[in-house]
């Protein structure tokens, strides 16, 4: 589904602010929510004539031609935006009113403006010249939310039947629940997503002021889709019609209470609760995001303005971790948002079958037919024990009637799982398994030098049950069948828990920072890999699930996890309203500002290692580390600033300072030290293209710390001076990122706080924006019809009837790129630069 509605972002945020705090705003009730916009730059005098509606996309973004969102100066006190726009464009620019279509009016204390389109030739300058317009934003359509539905291809099995659905023990949430008895009671959390199936019993089963899902709004309507992009908003945010049920899954992570549920279709594998199960939820049907490295877009600005009013925002960092550095998303880059990265959960629910000796083998069901729908006993026939390539791509070589057939997988295979398993079905097989799935599903960890992520979903048969299993489990079956070809395996439709080997380490999909200005993103990490949570009954039926729960992965899952911890924090301090931000009165409880909360949570987060190593993961992927809400709520120490963006080594300051404050009730003795994180080199020699996964090495910065120890009485603070020297072995021309933590140890209470830092070795001004040299052979330039790049100095003729393909390949991020075509006959030539 395509969501085209970021014009709604200001409206939705303002509505959320009104619901959180009694801030009055006059918002037009006739919403016409249609488009999402992002960064767009056009020269002021460039003429925008009729642009083809099939405009190319920028990743997930498709520009909406001739469409704008304009912001007016609030001091102008304009009452009728439509009239001002129409009068000016008609009288001064010759644009008839019939060519102007108003899309949305927004009038509030945070934003005053309108969205509209112009369907005749005009210039951007004409829009910018409208009286009292202070900003002009473009409008984009953008894809709906993304997540991964996969399983852990791990041979490690959890025999603990009461294994946790969500690893609250990794984040301090379990301690907050058990020891403090804090469940986020009364805190209002707005879930800006695809709506919520509030009929789910774990989410309260109803909608309204007395329900868990107490408020919300459907910004597009139930019939909205890419085929029907005309929104019909309503005040019922129910989602029981989407196959993914993304918003319902997110809502469950925040506040589900899936305990004591025995209702058919809604019984979880084990009882579980979300992070803040007593929080109050709001549902808004919008979940958007896309590429962006500069916090100058309207959605990022909207987040900043609302955060300034005391509403905390957590936003997913993005799922493009397999695309290298600077792949964080928009609007997570907003300075008013807590951008959240992802670590993997401890356990994942998985379908399983049972070996003759009673051991469980977990499998991932094929997408087409699914797994086994009932309990079935069957032999397993190994198709071709000697095959290393294309096992099963031809008809089975052995009789398989009534049996489950086992195939091996090889990356060099020329057919997929659907071909193999359907051939098995045609030959009479009752089921199909494919092993060696470390290479085809979940993720694979390779040494180059550490990680390359690969994720491929198994299609499977459309005719019989099918599934994929790990290499180790395939080898177990080979050993069993070699001893007894008649051995019976018990195939079930039951779920069990498989342990995740990568638990507590960064998810392979979690996107990298920093921003285009080398600012800190992400800020912190939550649990987002393999998270078990609520889905709608409709989605469960679509996914052939017997109960309305599923395990999804994505920073979309880590984001609500962090939001839930903020709800616990607000409940702990009495849930003061957003309107109390900045209130210094001693007679009332004050809500801390966003920066204060960020300092508290970052200072008390837990740094995580690269999986399988003793090296800390780079800061530009984990931020301050995995959230530790128990330490944040019981903290005796807070550090400000709680993150240090050091720029590049040519522009790095000579020294930096941090303020360590004792917010406890006892005298504290502090020891300050340094721990380096892995150097992340994202480029490679002889290539402008950034690597899909940076090369990590144990090259650390040197940090001078003064003083390195001191004592603080309750309420006292002390300034610590820091000087950084980048790793001496790093290659400046490759612009590697060095990072680490300044560690603040309190010897009295034994707690350790941290300040993350990150910087670039070399001159970032020299970063190669346009890829000309690439091992893939695809760089920026002109290409012939045969796909060959036109080399420098090569003459090619352009006519009015012919043209050439222009490919623009970007490495490091940039705000804007201009492409100009200049006649070779002109005496003065213009050389375009990066």
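Every residue gets a Cβ built from N, Cα and C, even glycine.
Annotated features, as they stand in TrEMBL:
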- 193: active site, charge relay system (ACT_SITE)
- 246: active site, charge relay system (ACT_SITE)
- 556: active site, charge relay system (ACT_SITE)
- 285-589: domain 'Peptidase S8/S53' (DOMAIN)
- 389-477: domain 'PA' (DOMAIN)
- 645-757: domain 'C5a peptidase/Subtilisin-like protease SBT2-like Fn3-like' (DOMAIN)
- 1-25: signal peptide (SIGNAL)
- 433-454: transmembrane segment (TRANSMEM)
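Counting in whole angstrom, residue 246 (active site, charge relay system) lies 7 from residue 193 (active site, charge relay system) by their C-alpha atoms. Counting only the Cα atoms, the space from residue 556 (active site, charge relay system) to residue 193 (active site, charge relay system) is about 10 angstrom. Each of the active-site residues 246, 556 was scored by the other Cβ atoms within 10 Å of its Cβ; the lowest score goes to 246. When other Cβ atoms within 10 Å of the Cβ of residue 193 (active site, charge relay system) are tallied across all protein chains shown, the result is 26.
The average pLDDT computed for the domain 'C5a peptidase/Subtilisin-like protease SBT2-like Fn3-like' (645-757) is 96.
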